[in-house]
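As written in Swiss-Prot, here are the features:
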type    : residues                     : note
BINDING : G10, G11, G12, H13, A14, G15 : FAD binding site
BINDING : 273-287                      : NAD(+) binding site
Amino acid sequence: MHRYDVVVVGGGHAGCEAAAAAARLGASTLLITHKISTIGEMSCNPAIGGVAKGIVVREVDALDGIMGRAIDQASIHSVILNSSRGAAVWGPRAQADRKLYKKAIQEIILNHDNLTVKEESVDDFLIESNSNGEPYIKAIITSSGKQILTSKVVLTTGTFLQGMVHIGEQTTPSGRMGDKSAVELANTLKKYDFKLGRLRTGTPPRLDRSTINWSILEEQVGNNPPMPFSYLTEKINQPQVSCFITYTNENTHRIIQANLHRSASSYLNDIVAPRYCPSIEAKVKKFAEKNSHQIFLEPEGLDNITVYPNGISNSLPIEVQREMINSIKGLENAEILRPGYAVEYDYIDPRELFHTLETKKVKGLYFAGQINGTTGYEEAAGQGIIAGINAALSASQKKESFVLHRTDSYIGVMIDDLVTKGVTEPYRLFTSRAEYRLAIRSDNADRRLTQKGYNISLVSYKRYSALQNKLKSIKQLEEKLESLKITPEQLRFCGIKISHDGIRKTALDLLSYPNIDWNKLQEIWPELTNVTRWNDNKADQTVIQVVDTRIQKKNADSSVTRWNDKTGYWNDSKTTSNTIKNEICEAVAIEAKYKPYLVRQEADMKFLREEMNTQIPTNFNYSQIKGLSSEVIEKLQAIKPATIGIAKQIQGITPAAIVSILVYLRNRKTKVAANSA
C-alpha cells in the first residue's frame, strides 16, 4: 500500500496552492480530486485580485506560490484599484481568460516534482489515538473503499461539502453546477464532532457576447502596459481587451421585486450570504431607494463567447432571469448561456483551528479555503499555501511551524481573524482589517515574505536571488539620493517651503514630503534628468524613469555607476543600460513617503511581536491561574490559543485576564530556570 507524506483533498485554489507548497518542501504529496479536468477552475468571476485580495496574491507569489504566475499567463485586462489613493491600499486586479488560467494551473500541478494527482472522491478518514489519547490521521478512505496511508491531510472542499445549487424553486445536490457535492465527507466531519455551519453564495447568468449591443455601453480600458502579479514575470504577453459597464433600471427592479418570492433567497433566509458581494435581489431589497445598480460586463476569454455580468448574481427562475437581463441597456437581445444560481454549503467553525490551520481535534488534519468560512479565490489560495507548508513541515518531523502574523501579511491578518474570531458570514479581506496596512503593501510582499520562505526551503534560489538583486538595487538608489543634499534656504529658492530649521535635507528625505516627487527632484538637481511621469488617465498609473545626464557625456568618467537591466543592480560597465527600473524607483519612493509613519508603527509592531508571541503550552490548564472567571477559563479551554496574541483577540477575554496569564507564564518560566540551575 502506497504512503504519502501529505494528501490534499480538492483541486481548487486552496488545494492547488497547498499541494504545490507541500511538494516544494520535498513532501511526497497526493492531490486527490473528483475531476482532474476541473483543477484550477474559476467557479465564479473570471478575475484575480482586488482591494486587499491583490496583495494576498502577491504574498502567495512571494512564497513561490502559483496563483500569481498563472494569472500573468492568462491576464487580458489589468487595473490598479484605488490607484488615486496611497500605495498602502492599491489593489491590483486582472481579468483572466478562463481557459488560459486553468491551463496554466494544470501545467504546474500535473508536472510538479513530488506531486501525484488522482481522480477520486474521499468519504472518510482512518483516525487512531496516540498514547495520550489524542486522535490523529492515519489514512484517507475513498468512495471506492480504498485506503491511502498518510499522516497529514489538507481538506479544501470549497462549496462542495454537502453543497446544494438553487435556481428558483429548483434544488440540485451539487457543489458547482454540473459537479456532485461531497455528502459523505460532511457526515464524517460531524462524526468527529466538528462544529458545522451553513453559508451560501451565488453567481450571475453567463451571456452570449454576440448578442450584446456593445456600441451603446460605457467602455472600461485597462492599464497599459498591464501590471504583472508575479515578481518573476517581466511582462504580460496576452492581448488586452476592454470591459464594459451598464446599469439596471427601474423596470429591472420591478421585475425582480415581482418575483422575489420565487427566488431561492426567499427560502434560504436563515443561511447567510456574502455581505460584500450581494445578490441583485438583496440589493433591490436593501437599497429600495436606488434606481439603478452598476454591472460590469467582463469577457471570459479571448476566444470565448461567454460574458460574465458582474453585479447581478441571483437565484431567480430562468425565465425571470431572461426578462431581467433583457430589461437592461445593451442587453435587450442578450441570450443567457447558463443561468445564475445560489449554492449553499457546509463550513467548519475556524476557531477549531490553530494558526497553522491544523485542527485542534485531530492531529494531522488541516482545513483551507471556503470550508473555513471565507469567500474568494485569493483568500483560499492564501490559506492553502499556509496549510500545505505546515502539513509538509510536520510530516518531515520538523518542530517549527510556519505562521504569518498580522504585522507581516494580509494572509496573517485573515488567518488570525478566522481562528480567533470565527465567522458569522462569508469572510472577505479588506485593507481596513489590517492594523498595519502601511507596512504590508502590494509593492513589498517579496521584501516581507520571500526570505521567510527561503529560510524553510520553500522558495527557489531563482526567486531568492532576484530578491537579493532587488534589495541591492534599492539600497544603492537610496544611497545615491542620500548623497544629494540641500538646505531649507536653497529649497525656498526652488519654490519649496519647509521648516527653516537649518538642517540639510537629502533627496531621499524630500521624497517623504507630500508635495515633492521625482519631478521636483529633477528641478532641484539637474543631473537627474528625464524624470517623467506618465498618466494614461484611465488607470492613473505612474511610471518613473531616471536618467543621469553625466553618463550621457562622451567623455564621462568610467567610474560613474550605471543601471544594469540584466543583473538588476548598479555596476560600472559602460555598455549597460542606464534606465532605472520602474519597480526599484517605485519601491524607493513609496518607502520614503511612508517612512515617518512606519518608524512609529514599527515600535508598536515590535512590542506586539514580543508580547503577543509569548507561547502558551498545549493543553494548558487555565483553572490554575487565580483571578480568571469561569467564563474566561471556559473560552480559553475551548479555543486553546497558542500565544498571548491569540488569547487577547478572543471575544470576552479581558485585558486583566491577559495580564494574569502573562504574569503566571513568566513566573513559571522563572521557576523552571531556577530549578534547572
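For all residues, glycine too, the Cβ spot is worked out from N, Cα and C.
Quick caveat, the model's predicted, so the values are computed rather than measured.
Overlay of Swiss-Prot feature records on the structure.
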{"residue": "G10", "record": "FAD binding site", "Cβ neighbours (10 Å)": "32"}
{"residue": "G12", "record": "FAD binding site", "Cβ neighbours (10 Å)": "30"}
{"residue": "A14", "record": "FAD binding site", "Cβ neighbours (10 Å)": "34"}
{"residue": "G15", "record": "FAD binding site", "Cβ neighbours (10 Å)": "30"}
{"residue": "A273", "record": "NAD(+) binding site", "Cβ neighbours (10 Å)": "23"}
{"residue": "C277", "record": "NAD(+) binding site", "Cβ neighbours (10 Å)": "19"}
{"residue": "E281", "record": "NAD(+) binding site", "Cβ neighbours (10 Å)": "24"}
{"residue": "K283", "record": "NAD(+) binding site", "Cβ neighbours (10 Å)": "19"}
{"residue": "K285", "record": "NAD(+) binding site", "Cβ neighbours (10 Å)": "15"}
{"residue": "F287", "record": "NAD(+) binding site", "Cβ neighbours (10 Å)": "12"}
Review point. Roughly how many angstrom lie between the C-alpha atoms of K283 (NAD(+) binding site) and G10 (FAD binding site)?
Key: 33
Study note, to complete from the structure: G12 (FAD binding site), DSSP three-state class -> coil
**Study point:** H13 (FAD binding site) and R275 (NAD(+) binding site), distance between Cα atoms, whole Å
**Key:** 22
Check your understanding: Which one is it: of the binding-site residues A273, E281, K285, F287, whose Cα lies the shortest distance from the Cα of G11 (FAD binding site)?
Key -> A273
**Study point:** Shell list (FAD; ref centroid = CB of G10, G11, G12, H13, A14, G15; cutoff 8 A)
**Key:** V8, C16, E17, A18, T33, I39, T156, G158, G369, A380, G384
Practice item. Please classify the secondary structure at K283 (NAD(+) binding site) using three-state DSSP. Key: helix
Check your understanding: Within 10 angstroms of the C-beta of G11 (FAD binding site), what count of other C-beta atoms is obtained when all protein chains are considered?
Key -> 27
Check your understanding: Distance between G15 (FAD binding site) and A273 (NAD(+) binding site) at the Cα atoms, whole Å?
Key -> 23
Revision key, fill the gap. Residues near H13 (FAD binding site) by Cβ (under 8 Å) yet at least 6 apart in sequence within the same chain, in sequence order, are G40, M67, G369, Y377, E378, A380, A381, G384
Exercise for review: List the Cα distance (Å, whole number) between E281 (NAD(+) binding site) and G12 (FAD binding site).
Suggested key: 28
Exercise for review: Ten-angstrom check, please: count other Cβ atoms within 10 Å of the Cβ of R275 (NAD(+) binding site), all chains counted.
Suggested key: 13
Review point. Cα distance, A14 (FAD binding site) to A273 (NAD(+) binding site), nearest Å?
Key: 21
Practice item. Tally every other Cβ atom lying within 10 Å of the Cβ atom of S279 (NAD(+) binding site). Key: 27
Point to revise | Cα-Cα distance linking S279 (NAD(+) binding site) and G10 (FAD binding site), given in Å to the nearest integer | key: 27
Review point. Expressed to the nearest Å, what is the distance separating G12 (FAD binding site) and K285 (NAD(+) binding site) at their Cα atoms?
Key: 33
